[in-house]
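In what follows, a single structure is set out as structure tokens and then discussed.
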Amino acid sequence: MLFACALLALLGLATSCSFIVPRSEWRALPSECSSRLGHPVRYVVISHTAGSFCNSPDSCEQQARNVQHYHKNELGWCDVAYNFLIGEDGHVYEGRGWNIKGDHTGPIWNPMSIGITFMGNFMDRVPAKRALRAALNLLECGVSRGFLRSNYEVKGHRDVQSTLSPGDQLYQVIQSWEHYRE
């Protein structure tokens, strides 16, 4: 049985990751990033953009482009900072993806973590259930594909940097997740 599960995971059949919206679909600008992450990654850092929320594919694609534009054109980074962006439409938008180091949490955490951000401000409200479900599915996908350790740890952005991110309400939610560690 263990061999069958390992084979399914190796073939990518155990958990489908087809729910991830590729960069080409949300019309991302080309990335200029090249620093790669080593796998499997031990940490996942959850943040929020603290900006506008989105709840439809069109508005979330636009919001992902807005975040990328700000990071590339205003901050001068090589791409959108995050590995993945979560919309309240229930979709995961590919940022830098599983293989490229992000710019989401500073020089200590970026090389050893996947950065997942929820698009919107979650100080006073919880993200839609479908967005939370999408994030948990993404984490399962990462484990099944060997990008995340099976014993990965989820951290809130505020656990590793001085910030209010991921917002009070989202922070309260992620603290209940199985892999959350302060």
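Every residue, even glycine, has its Cβ placed from backbone N, Cα and C.
Swiss-Prot records a disulfide bond between C33 and C78, which is the match among C5, C78. The disulfide bond recorded by Swiss-Prot for C141 joins it to C17 [selected from C17, C54]. In the shown protein chains, 16 other C-beta atoms lie within 10 A of the C-beta of C17 (disulfide bond).
Neighbours of C60 (disulfide bond), defined as other CB atoms within 10 A of its CB across all chains, total 26. Cβ neighbour count for C33 (disulfide bond): 18 (other Cβ atoms within 10 Å of its Cβ, all protein chains included). When the disulfide-bonded residues C17, C33, C78 are ranked by how far their Cα is from the Cα of C60 (disulfide bond), C17 comes first.
The least crowded of the disulfide-bonded residues C54, C78, C141, judged by other CB atoms within 10 A of its own CB, is C78.
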